[in-house]
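Asker: Attaching a single structure in structure tokens format; questions to follow.
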Amino acid sequence: MTTPKKTAKTSGNEARELADLSEDIGIRFKYPNSERVYLQGSRDDIRVPLREIRQDDTYTAQGAEANPPIPVYDTSGVYGDPAAHIDLKQGLPHIRTVWLDERGDTEILPKLSSEYGIERAHDPKTAHLRFNQITRPRRAKAGRNVTQLHYARQGIITPEMEFVAIRERLKLDELSQKPEYAKLLKQHAGQSFGANIPTHPDQITPEFVRREIAAGRAIIPANINHPELEPMIIGRNFRVKINGNLGNSAVTSSLTEEVEKMVWSLRWGADTIMDLSTGAHIHETREWIIRNAPVPIGTVPIYQALEKTGGIAEDLTWDLFRDTLIEQAEQGVDYFTIHAGVLLRYVPMTANRLTGIVSRGGSIMAKWCLAHHRENFLYTHFDEICEIMKAYDVSFSLGDGLRPGCIADANDESQFAELHTLGELTDKAWKHDVQVMIEGPGHVPLQRVKENMTEELQHCFEAPFYTLGPLVTDIAPGYDHITSGIGAANIGWYGTAMLCYVTPKEHLGLPDKEDVRTGIITYKLAAHAADLAKGWPGAQLRDNALSKARFEFRWRDQFRLSLDPERAESFHDETLPAEGAKIAHFCSMCGPKFCSMKITQEVRDYADKQKAQRQGMEEKAVEFVKKGAKIYS
């Protein structure tokens with residue numbers, strides 16, 4: 001796979017860049033020795049992706065022994081499918097349109113509902129940046145509720161629910177019946193801290209998914225205006241997911257680069273993407289991203305609302321924010337971060353903090369509350385926000401605007417006061433059948449991480465928790481993907497459903513593509529460690545396959561089975577670049593004479609030989625007795 005090339009960062013080049021989008025920017029990639037395959041659901045249009053990693057044979061004295069392919073969860077969309085036709089200017093196939101039409105509870109609007117959306121659609125200055133395929137938005141019919149939570153509570157299993165059940169199961173129910181997978185599927189018992197983790201893959205059914213959604217313990221972020229989406233689920237009783245952030249700023253990054261960065265994030269395994277753009281052309285950037293995104297897209301609408309006021313928080317109004325919500329909902333945003341828990345009375349609680357309010361959205365709303373000495377309009381208009389959300393099936397990501405920005409401020413009065421308010425708002429959203437997840441910290445020392453999960457489960461009624469790390473120490477700028485990855489693995493084990501990645505540039509600057517890659521791989525690792533710890537069925541399959549390949553010196557399979565095959569191979573080749581080294585029974589760490597695994601294999605061979613000799617002697621002894629035990633015949 002080719003690393004995407006850098007693009008110019010000047011708006012004057014945007015038209016040329018967009019014209020070249022589908023040409024040669026590295027949007028198609030090939031994973032080594034693997035392919036994207038599809039599992040068939042109960043109907044022809046439910047085709048669920050996974051990736052199968054093929055392995056080489058193991059060669060022994062007895063001959064070749066086949067190693068079975070290893071299925072892994074895949075987020076790459078069409079970009080990881082060599083057979084797919086990709087044209088970013090056309091967008092992705094609309095795989096959900098038939099499902100939406102069949103339900104009969106939505107209508108196609110004659111035009112956009114948002115004043116700002118209409119204005120941008122007719123602005124000649126942005127015509128060259130506009131996505132080519134303008135479609136009319138879809139909205140719930142009057143009096144209808146179109147959320148996955150509403151359907152689940154009605155006892156309805158939607159195609160989206162069946163899709164995610166198959167996707168989470170990864171056909172492990174089928175593989176568990178095959179003898180060649182018996183050893184590979186062995187795993188340690190997990191500790192789930194009271195979660196309802198399935199104990200066997202065959203328990204991961206569409207009905208199980210429906211029950212978890214109906215209980216509010218899981219969400220399927222799936223805006224009805226995002227028909228390109230390959231549905232996924234976020235919940236404590238499913239695989240831990242990760243989110244990758246992108247977005248332009250007033251300082252750097254272009255529209256084209258954000259589209260590339262989105263595809264790049266999918267290549268490394270992001271389950272969702274948040275577009276946090278704060279610079280120019282936010283509306284156009286988001287449209288290009290959504291139309292080409294097979295994963296859920298989240299935003300923080302207050303960022304764009306603030307841009308519309310020229311950056312003056314005091315000038316924000318409910319009407320402006322409401323129009324922004326509708327604008328983004330009609331584009332297809334799947335979840336909104338809404339900082340409705342930052343209440344006026346909580347702001348003074350942060351005065352004695354070491355780092356005060358560090359959330360951008362939280363600080364915007366705190367400033368508005370203080371400037372007007374009025375309650376947060378996101379809180380006072382929350383029911384109206386719910387009405388918008390349920391008309392498009394946009395999920396809430398209730399923002400932690402008062403999250404701690406350093407470990408000194410962790411778990412303080414203001415943080416938990418806001419969390420308890422988020423629980424109140426969760427209950428209110430559920431009365432509208434709107435899906436909800438809860439955002440969490442932040443910066444928390446390791447010994448206080450579990451308390452955050454306990455508080456969230458208790459006060460937010462087991463709604464999915466979505467945390468930024470947390471970072472467990474503040475002494476490592478440049479390495480905060482590691483400081484946060486430690487906290488992420490732990491809180492994922494305790495029950496967090498989705499982890500928001502942190503890159504090495506955290507606190508220092510806007511991440512580039514390599515930072516995104518490092519952040520995502522770090523968080524895929526943390527999420528996987530959490531799945532192992534909580535006992536997710538089949539979580540250890542990939543570990544066992546890689547360990548077997550390592551013991552048998554199948555170097556290429558080690559690379560293929562790793563989270564970052566390119567990096568694993570490049571590190572190996574730094575010291576042993578010759579092609580023959582990839583079949584050698586040693587590495588540069590110990591060399592050929594001191595390799596512990598090679599010595600272990602020799603010990604095993606010796607033991608097998610001794611066993612064979614003993615068995616032969618025993619057989620001869622039995623034969624001797626049968627023949628009368630005579631020394632001379």
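Glycine is treated like the rest: Cβ placed from N, Cα and C.
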Asker: Among N245, N248, N490, which residue shares the substrate site with M274, Y303, H339, S359, R360, G361, D400, G401, L402, R403, E439, Y466 according to Swiss-Prot?
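Answerer: Site partner of M274, Y303, H339, S359, R360, G361, D400, G401, L402, R403, E439, Y466 for substrate, according to Swiss-Prot: N245.
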Asker: Where's the emptiest Cβ shell within 10 Å among the binding-site residues N245, S359?
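Answerer: With the binding-site residues N245, S359, fewest surrounding Cβ atoms within 10 Å: N245.
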Asker: Taking the Cβ of Y303 (substrate binding site) as reference, which residues of that chain separated by at least 6 in sequence fall under 8 Å from it?
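Answerer: Set apart from Y303 (substrate binding site) by at least 6 residues yet with Cβ under 8 Å, we have L276, S277, T278, I282, R360, G361.
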Asker: Drop a 10 Å sphere on every Cβ of the binding-site residues R403, H443, H507 and tell me which sphere holds the fewest other Cβ atoms.
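Answerer: Least crowded of the binding-site residues R403, H443, H507, by Cβ count within 10 Å, is H507.
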Asker: Can you tell me the CA-to-CA distance separating N245 (substrate binding site) and H507 (Zn(2+) binding site), as a whole number of Å?
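Answerer: It is 14 Å, counting Cα to Cα.
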Asker: How many neighbouring Cβ atoms, not counting its own, are there within 10 Å of the Cβ of G361 (substrate binding site)?
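Answerer: Taking all protein chains shown, G361 (substrate binding site) has 23 Cβ neighbours within 10 Å.
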Asker: Among N245, M274, Y303, H339, S359, R360, G361, D400, G401, L402, R403, E439, Y466, recorded substrate binders, what is the largest CA to CA distance in Å?
Answerer: 20
Asker: Just to verify: the residue among G401, Y466 with the fewest other Cβ atoms within 10 Å, which of the binding-site residues is it?
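Answerer: Least crowded of the binding-site residues G401, Y466, by Cβ count within 10 Å, is Y466.
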Asker: If I take the alpha carbons of G401 (substrate binding site) and H507 (Zn(2+) binding site), what is the distance between them in whole Å?
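Answerer: Approximately 17 Å lies between the Cα of G401 (substrate binding site) and that of H507 (Zn(2+) binding site).
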